[in-house]
Amino acid sequence: MNTVRVAFLLVFVLAVSLGQADKDENRMEMQEKTEQGKSYLDFAENLLLQKLEEPEAKLLEEDSEESRNSRQKRCIGEGVPCDENDPRCCSGLVCLKPTLHGIWYKSYYCYKK
């Protein structure tokens, strides 16, 4: 009967000690998995961010090409006063000093070439 008790006690002690080791091992394993999961989430987040930045960069590039400053400025029509230093007459027109009409208002007008 004593041998049965000793054997049972020995099995009990081994089970408890190995169980504790397994518990610590499981805890360490879970910590490693969570750290790997965090690094995986960081990697996935960076990958998604890169994928989203590519179309955004293309859209911003298109917007910069079509800015308001790049469009053609409006031109001045025939018989309209113009500035001698900055003539913005339409194509086919020249900024000239008027002959008789308009000499009292402004010194230069857009005329046909």
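Including glycine, each Cβ sits where the backbone N, Cα and C put it.
Note that the structure is a prediction, hence the values are computed from the model and not measured.
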Cysteine paired with Cys110, where Swiss-Prot records a disulfide bond, from Cys75, Cys89: Cys89
Cross-link partner of Cys95 (disulfide, per Swiss-Prot) out of Cys75, Cys82: Cys82
Fewest Cβ neighbours within 10 Å, where candidates are the disulfide-bonded residues Cys75, Cys89, Cys90, Cys95, Cys110: Cys90
Among Cys82, Cys89, Cys95, Cys110, which are recorded as disulfide-bonded residues, the nearest neighbour of Cys75 (disulfide bond) by Cα: Cys89
